[in-house]
Amino acid sequence: MSDTKTDTPKKLFIKTYGCQMNVYDSERMAESLEGYVQTDTAEDADMILLNTCHIREKAAEKVYSELGRLKPLKDLKPDLKIGVAGCVAQAEGAEIMRRQPAVDLVVGPQSYHRLPQMEARLREGKTALDTDFPEEDKFAHLKGRTGARRAPAAFLTVQEGCDKFCAFCVVPYTRGAEVSRPAERVLREAQELVERGVREVTLLGQNVNAYHGDMTLAQLIRALGKIDGLERIRYTTSHPNDMDDDLIAAHADTPKLMPYLHLPVQSGSDRILKRMNRSHTAESYLRLIERIREVRPDIMMSGDFIVGFPEETEADFQATMDLVEQVNYGYAYSFKYSTRPGTPAASRAQVDPAEADERLQRLQALITRQQRAIQESMVGRDLSVLVEKAGRNAGQMLGKSEYLHSVHIDNSTAQIGDVVPVRITRAMTNSLTAREL
Ligand code: 5AD
Ligand code: SF4
């Protein structure tokens, strides 16, 4: 039953798919909708928003299946409003409402600052569609981060969009051209987050290290480092070609910058990298990591890989396996190539799907071996943990190490938001156990 009293907040359920930027966007959308409180059950909601991902085919299809599941809810509760936001909204636009008439609202990632006006249209019984790339800066039209106390680790978008046009990727089409937020606004938002209990920010951008909002990313990181109460800084995702000397230097000279770097390479074969339009080679990537490790030997490397890209041969795939062996990743995300309509690679000769599956399994087995070995090498080491929540067992707290591993601290006296020194006592499959020092 929807609420008819105007002074009782309505309930908003947001389901977020895809990347960390979508997590950030969902928070900002929720904050922008005054008169709503968030609920974590769709059945309770007056409005359901799906914040969607279009990066791979499966991600997009999931959205239509979810909409199909939500339709009966709307049949029972005709006042329920259903909206689709994010990259599927951007890519599909009005097609979503044609395919699923239960949808009332479609809003793209660059126009969600207009959600309050769109919601007003819904209250008049109309539908609302906005997939513009507006002139105005959406961030300038969103309220400050002045809400309730927050979890200690937060995302903060500093850059959006991509000008790189990798041949497989929809991002330049769904998120648009590279845009950087002014440094002063980012600093203000970080300050607001710190005032609400945040101790760690992860700066987000599709090409975060191409940030050029009147400072470079390295300069922005150093400026953030001066904010009292902000203990940790991370950034993601970076492109190898935008990893400049000063950013590498920041890993040595800025103690609050955590020793973790997500630096996707996608393939270890120069022939495939060229076909992907990556404009770097396997060798230049390996050399870059060497230079980073010269200044920060303990840096934890993370990467993304695509297997079964059109025309990939067994020899090309072996080159990827060799590169992974050489880098030794703490984390790596690998995907089977997924054809994205409108991208240059979509019309090329596809690799046999069974072959691609088999390669993916081999790559993932290698990555898992590396990750486990690195995790086990943490046992006996003294690390620091940002405490994020209580653990499952009594007296146990749960947080993240500087290398982003999840750490359970036994018999802890720490509070949420503390950064505590610990000694790692045990490595489990997906986390570490520690005691406080
Ligand atoms: N198919 C498979 N994986 C893809 N990625 C991007 N586009 C595709 C695609 N068409 C992967 C890349 C990227 C990560 C976010 O998703 O590895 O770095
Ligand atoms: Fe996509 Fe390539 Fe841009 Fe990353 S750098 S968002 S993979 S086009």
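One is the number of the first residue shown, and numbering goes on along the chain from there.
Here the Cβ of each residue, glycine as well, is placed from N, Cα and C on the backbone.
Some features that TrEMBL has for this protein:
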BINDING   CYS19, CYS53, CYS87  [4Fe-4S] cluster 1 binding site
BINDING   CYS162, CYS166, CYS169  [4Fe-4S] cluster 2 binding site
DOMAIN    10-124  domain 'MTTase N-terminal'
DOMAIN    148-376  domain 'Radical SAM core'
DOMAIN    376-437  domain 'TRAM'
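Here CYS19 ([4Fe-4S] cluster 1 binding site) comes close to CYS53, ILE55: these same-chain residues lie at least six apart in sequence, with C-beta atoms under 8 angstroms from its C-beta. The 6 Å Cβ screen around ligand 2 retains CYS162, CYS166, CYS169 from the binding-site residues CYS19, CYS162, CYS166, CYS169, ordered by sequence position. Sitting within 8 Å of the Cβ centre of CYS162, CYS166, CYS169, and not among those site residues for [4Fe-4S] cluster 2, are the Cβ atoms of LYS164, PHE165, PHE168, VAL170, VAL171, PRO172, GLN206.
For the domain 'TRAM' (376-437), the DSSP-based tally of helix, strand and coil residues reads 1 helix, 33 strand, 28 coil. In this structure the C-alpha atoms belonging to CYS162 ([4Fe-4S] cluster 2 binding site) and CYS87 ([4Fe-4S] cluster 1 binding site) are separated by 14 Å. Other residues of the same chain near the [4Fe-4S] cluster 1 site, with their Cβ within 8 Å of the Cβ centroid of CYS19, CYS53, CYS87, are TYR17, GLY18, MET21, ASN22, THR52, HIS54, ILE55, ALA59, GLY86, THR174. Highest Cβ count within 10 Å among the binding-site residues CYS53, CYS87, CYS162: CYS87. In the three-state DSSP scheme, CYS87 ([4Fe-4S] cluster 1 binding site) is classed as helix. CYS87 ([4Fe-4S] cluster 1 binding site) sits 12 Å from CYS169 ([4Fe-4S] cluster 2 binding site), taking the C-alpha atoms as the reference points. Note on CYS169 ([4Fe-4S] cluster 2 binding site): other Cβ atoms within 10 Å of its Cβ, all shown chains, come to 21. Averaged across the domain 'Radical SAM core' (148-376), pLDDT for the predicted model comes to 97. Secondary structure at CYS162 ([4Fe-4S] cluster 2 binding site), taken from DSSP and collapsed to helix, strand or coil, is coil.
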